[in-house]
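Here the structure is laid out as structure tokens; the discussion comes afterwards.
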Amino acid sequence: MSKEIGNLKYVSLGVLVLQTTSLVLLMRVSRRVPEEDLYLASTAVVLAELMKLVACLLMVFFESGDFRVFYEVLHSHILSKPVDTIKVAVPAFLYTIQNNLLYLALSNLDAATYQVTYQLKILTTALFSVLLLGRKLNMLKWFSLTLLFAGVALVQLPQGEPSEDEPRIGLTAVVGVGAVIAACLTSGFSGVYFEKILKGSDVSLWLRNIQLGFFGFLFALAGTYTYDGRAVLETGFFHGYTNTVWIVVILQAFGGLVIAVVIKYADNILKGFATSISIVLSCLLSYFLLDDFIPTIYFLIGAVLVMVAVFLYSLPNTSVPPHNPHPVSQTEGTDKPRIPPT
């Protein structure tokens, strides 16, 4: 059984790498169009949250078997527990902000720079895990985090001469990098906060995602009305939508569910390391397909450091846990599956 769980862990992490790489590249492509043909990012976030909510509702309905049981499940775990449900509004709100920030970032940065900078979420997740969950990382894991940070920093060093029409230094780059850093902070805090409130909870994965999707949809809709309401009235909600945009929306919607499955077999930090592997793929595909990235020796060295960091972090702990004179029950001493916002 443990071997099967281990295999599922690495398969799910591989799927996450593929999903993350595809989402970043296609999102970058979808934002590289004339401004008059550009879709509103806030509407894409609304649709992604709606798709996720509908998908989770359908999963719970099929698991229930009929509408009566379906309603009883929703009522007993969500409607009759308003305090527990409202707790999920915090990560859902941060998740909505994060998604909008990522569209802003990829409107101002190339995919390679975005991917590298976004790996700062691994560090923020680790720090929030230590601060909020009291999680202890051994020396090897701290070394892995340091190595990963050095690797992504090297990849971010100058990658050739910038083109005259797309300068990488200036207001555009500042806006893009600022958006990524803000997204890293919201990602780290929301993921760890959600893990904290779920510890000891018996609510299923799909029900938690229903709560996330419901609040996320409301927050995203409110954001669209507040910031893009006039534009929606003038050009329409689906202005600028192409096949590529729809694929991006679908990847974003179901990417959160992929992450939920990953977290069932791993944790937030390991998820972040797997995502860092997609740096290599994103940079290579940016060079060959998007022509907005020039690899250098810094990129090669940084990529190697990232891969080494992933390997070192995946090694099992060798330290013996301290003896506890007051043992707890098995369910009390183990972690429940966690489902962080993406």
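Backbone N, Cα and C define each Cβ position, glycine as well.
As given in TrEMBL:
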type     : residues : note
COMPBIAS : 323-332  : compositional bias 'Polar residues'
COMPBIAS : 333-342  : compositional bias 'Basic and acidic residues'
REGION   : 323-342  : region 'Disordered'
TRANSMEM : 6-26     : transmembrane segment
TRANSMEM : 38-62    : transmembrane segment
TRANSMEM : 116-133  : transmembrane segment
TRANSMEM : 140-157  : transmembrane segment
TRANSMEM : 169-194  : transmembrane segment
TRANSMEM : 206-225  : transmembrane segment
TRANSMEM : 245-266  : transmembrane segment
TRANSMEM : 273-290  : transmembrane segment
TRANSMEM : 296-315  : transmembrane segment
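Stretch with the largest number of CB pairs closer than 8 A to the transmembrane segment (296-315), among 6-26, 116-133, 140-157, 273-290: 140-157. Taking every recorded stretch in 116-133, 169-194, 206-225, 273-290 and counting its Cβ pairs under 8 Å to the transmembrane segment (6-26), the highest total belongs to 273-290. As a quick check, the transmembrane segment (169-194) and the transmembrane segment (116-133) clear the bar of 3 or more Cβ pairs under 8 A, pairs 6 or more apart, so the two touch. Tertiary proximity for the transmembrane segment (206-225) is limited to same-chain residues at least six positions away from its ends with a CB under 8 Å from its CB atoms, namely 40, 42-43, 45-46, 48-50, 52-53, 56-57, 59-60, 63, 73-74, 77-78, 85, 88-89, 91-93, 95-96, 99-100, 198, 232, 256-257, 260, 339, 341.
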